[in-house]
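This report concerns only the one structure given below.
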Amino acid sequence: MTTETLNNHRIDFKMSPRDLINIGIFGAIYIVTIGIFNALEFIGPAMTLVSSWASIIAAGVPFMLFLTRVKHPGMVTVFAVIVNGFMLLIGSPPVTLVIGLVAAAVAEAVLYAGRYRSRKLSVIAYAVFSTWFAGLFFPMYYARQDFLTSPYMKGMGDDYVRQLDTLLSPTVLAAFDVSTLLFGLIGGALGLRLMNKHFRKAGLV
Amino acid sequence: MSGTQWQLNPAGLRRPTPAAPGGSAVRGALDPRTGVVILLAASIAIMGPGGIRYVPAALAAGVLLALYERAWRRAIGLPAAAVAAAVVAYLLPRLAPWPVLGIVGVTAEFTLRLVAVGGIAAHLAQTVTPTRFTAALRSARVPSAFTVSGAVMLRFVPTILAEAKAVRDAMRLRGLGGLPAMLRRPVRSIEYFIVPLMASSLRSAEDLSASALLRGLGSQPRPTSIHPPKFGLPDVVALLGAMLLAGATVLTGGWG
């Protein structure tokens, strides 16, 4: 391990146009994957969480493939900026961009620790990157307050409101935030497995 | 395109402009920067604490933009979707005192916010081409690392959607698709769907990146554009309208 840090390849921030094109292409594949699996939420509001979990798992495949083409520090961050910027434009809460940037920076640090080569660390990096999904549900923290105090809820009785409050407690919401990390690990592992099973054979990696 | 001359001018906003060479300019469309500013303002206001009161204003803006763009289906569909979400959010929990319905209600209220922002976003998505969008970003001095990769992404999303449709059709043909199958074996379904999608997308990605590099994408000198982004009368009207809607919300306290 220590010898590896010695032949530390030069940190080269300069990205070639080809790198930028790769980022764009995988960004597009990532977004379409998320969009398709997120479409599940139109089945009903209760499916919203399930659909994000499905998207996190499914999007692990393109992301892991993307990581095989990352050669310079900053590529994951640029990826996060354009993906989350796009999400912002189609209506995700602005806090998602902030979370996405922080998550990408941490993911880059994890990748860097593995010299952008470690497969195990790339799974962890994907899990960290996926935590930006938590940002999508951040308004639920305060939207809940809006909803609980709305005039509509006044008619339901205090008991009901209290029950609802405990069900939607910050703990439950925090559990969702943590679950993005867990599903990110599953998605990363799935991506790694499918990469070995299909793409390596086809010469696409 | 040529049929616009005799059509009614909604509020006199839409002035027919001479056809651009190549027909790439959108007649009387908003500058992409105006659209982005309005969208970000709406998004920040609505997704913030207590933002639900801005929903009617954002919906009104979305409908007005849809009317301006003559997207009749969206002009009708947007309020309909909002009403549906509002019914689920506020009336469903009253049916029975089950907290589960309350959770559905909170989620639907969140969906309502998304619908309100999404109406404005849909306008941008429909009217702004990747070329105009990157030209606008460039003139807003966004670093080329983001404009180049972002342009590629915007250009590539429709291609992948087409590939996804093809993969879905192929799955249907073999009796693999469908929601029940997806719910029964989720990971298997993801594999069956994603792997062919990725394989075909990567093939077309090779072609795209080769042709983009040949055309000088990401080259050092700043590219110029045939239609440099310009602010015009529609932008002023749109910004004033957005400020008016926001002001009305603040003054009246909105709903809720």
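The backbone N, Cα and C atoms fix where each Cβ goes, and this holds for glycine too.
Whatever TrEMBL says is automated annotation, not expert-curated.
Checking TrEMBL for region 'Disordered' across the ranges B:1-26, B:183-208 points to B:1-26. Residues 10, 13-14, 74-75, 78-79, 82, 109, 112-113, 115-124, 136, 234, 238-239, 241-242, 245-246, 248-249, 253-256 of the same chain sit 6 or more residues outside the transmembrane segment (B:36-68) yet have a Cβ under 8 Å from a Cβ within it. Sequence-distant contacts of the transmembrane segment (B:75-92) (same chain, at least 6 residues past either end, Cβ-Cβ under 8 Å): 55, 59, 62-63, 66-67, 101, 104-106, 108-109, 111-112, 115-116, 119, 122. Listed as Cβ neighbours of the transmembrane segment (B:98-122) (distance under 8 Å, sequence separation of 6 or more from its ends, same chain) are residues 35, 38-39, 42-43, 46-47, 51-52, 54-55, 58-59, 61-63, 65-66, 71, 74, 78, 81-82, 85-86, 88-90, 92.
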